[in-house]
């Protein structure tokens, strides 16, 4: 296994993570793959906790994703078990059995139904997860459960992430105050694995599962689904939100519109946004965080596609790594998106300086402020398509030698 | 400007390129960007020459691509002018004027119509092509025209290609013999430019333009459109085929089916295939040529999409650079293609050795032959989806530090 990497130069510190009423967390060292660190994390949720989840669109998902998808319609959660070091992906029938046995064991320990236990795993693909090792660790984890376990969990779910990722917000629902805590891992990898993104959020708010699901879906679309490191989509990507209902606030109806939960939605979006950007900040080999804004598209959907095409272009990402404000490559990426675009209406700005307007270099264009912007840790690209009012923003990181080092070294 | 790179380890020698009756070629040093080498190539075609062309799908194409698209419906060609060092892309009205003036000047020199003059340029984007410099070079080029100019042209159209690319085949049409010569450039780049692929073929066969176009389109779909270096699509990609009609063979009707020209189509496909693979062999930073076969898809189109998704995956390409037969990443790439696939029917082979069958590691899988295969210069991946009879093959190269070096260095 590879040596730990130094923290990303874009790393942010883990904020103080408060306890969430109704959530207990424990992380233990089970030795599934890593031998010297905590690698299994267990969450226990109070009875009545509702759950929402958004999962990878990859059509070859891991067994834990299948499990969660099947359990989610129940809308109730009592536990979450996360393992690091083995993804339980492409493991056939054995993988399904591991999921069933883990959920059953956990349900037995907590006195709940297996379908109230959610599962997530990341790490090596195609190797059977040592089920007995995992099961043996669960009773000890349950004994260790404490309300103050977010920090440990943020670290224990990491694979080769270079820093632990967490975010916290408070929100009001009517005259009541609630808290949302979230952790994420992403962009580290263990050969022969891929970067996988996991994120788990909990709140003490009391929100019916369908409302929670709508809020989470909307928030993920604006955050995690707007972040790309290398265009590759993991088989295990999972974002889950649990609401314990322990806070006091006016009742939220099962058919409540997201608009009636404006402040909660704002806080949730902020947590998701912060966590998603942390994943980009920990992108393999990342030296720069890149924001891509697209305006003037025929629709928001079209703008998003163009922005993702720019953010996924290896030529754009290597240019930024080289601190080269190469707008020719940006134009190329716009054109290859296949979305409505007119070369002669296109404008490109870097760091707020317009380099090209309506298909031509800006007359008398002075490179100086752009060159200075490119040397920074955060680079902003704006493309105006000049066609309509559709706009979108996505985030990525540059493509550097570090990416090749991390992903191109033979597994040992 | 950057120092010349050493030849790709996957380079092939330029074959002996015979004269094609009705084709004269000259390359001259105009000094458009490069100061010490030939950078303008002129082809003169005999009266009666028909033309076919396939161009980039990028929606922000260069001015020369617009010019060729507009001229092609005429179906007749008397000249081709290729410049290296400036792509005349994103140059607005000035770019269109350069094209018009170049075609007019060349038409005047050769006594033909401007619409019989085709144009192609690659190199820096967004800088005006110095039209006067180009026009001043044309009379000298016309004086230098000779039937033996393929070698020089193969070199003069290069930008940062590391080797000159050419291919030759003979074919029979009825009882007559014809020759097809082709050259290509691709995958080199000049900061701040992108890898652009150009390819020009000529034959002494007499083939009506619509038939020629159908043959070329079919051939390009199976060759250049099956090659990817980094998923980025240039704004200038151009493949053109010229038929001078100087050879003697039975008449080809304007509505002839490709099947009536089987041997010609075979030879054309071979030339296109060889040239396309040379582009992958010269992929920026390439150390290994990768063949991706997909079988068992629901359709050929679906197989092609899955194969391209594997070939474009940075995680697959870096794994191969690291000589790691990482089938987990291959499964991931299959899943993210969004095409019909069932994880539990999926099989993966590398170098002919099946590593995974029907969603699980092959019992007793012995890595030895796979490890040996991965150390070679040519790596073959086969994925069977187990769903239908759709099959496709695409080619790419690995993603190495060389790619980052070439594309991530600040333009000087």
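Note that Cβ sites are derived from N, Cα and C of the backbone, with glycine treated the same way.
All TrEMBL annotations are machine predictions without curation.
In this view, residue A:407 (substrate binding site) is surrounded by 28 other Cβ atoms within 10 Å of its Cβ, with every protein chain counted. Annotated substrate binding site per TrEMBL: A:159, A:185, A:196, A:284, A:407, A:412, in sequence order.
What TrEMBL records for A:196 is active site, nucleophile.
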Residue A:159 (substrate binding site) - helix vs strand vs coil (DSSP): coil
Residue A:185 (substrate binding site) CB neighbourhood, other CB atoms within 10 A: 30
For residue A:185 (substrate binding site): DSSP state (helix, strand, coil): strand
C-beta crowding around residue A:159 (substrate binding site), within 10 angstroms: 24
Cβ-based proximity (under 8 Å) of the binding-site residues A:159, A:185, A:284, A:407 to chain B, or none: A:407
